[in-house]
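Visitor: According to Swiss-Prot, the feature Zn(2+) binding site maps to CYS16, CYS18, CYS37, CYS40, an assignment based on sequence analysis.
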Amino acid sequence: MKQGIHPEYKEVTATCSCGNVIKTRSTLGKDINLDVCGNCHPFYTGKQRVVDTGGRVERFNSRFKIPSTK
């Protein structure tokens, strides 16, 4: 590797809004604030909801004559 052309790789702390603190390394060089992390994201916590907004699936199926699977 060439000397002097690579950015410094520093230890940073990523803090989530839920209070979870993650220590990692980054070239950013300053602490990071996160909105969501693996501890509070709905997909990982199992609290994810599938929202059918305004019957769009039924509208699509009726438009293309796809029989309902229910």
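Glycine is no exception: its Cβ is also placed from the backbone N, Cα and C atoms.
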Visitor: Setting CYS16, CYS18, CYS37, CYS40 aside, what same-chain residues sit with their Cβ within 8 Å of the center of the Cβ atoms that define the Zn(2+) site, listed in sequence order?
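Guide: For the Zn(2+) site the neighbour list reads SER17, GLY19, ASN20, LEU34, VAL36, GLY38, ASN39, HIS41.
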Visitor: Per DSSP, CYS16 (Zn(2+) binding site) is which: helix, strand or coil?
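Guide: It is in a strand.
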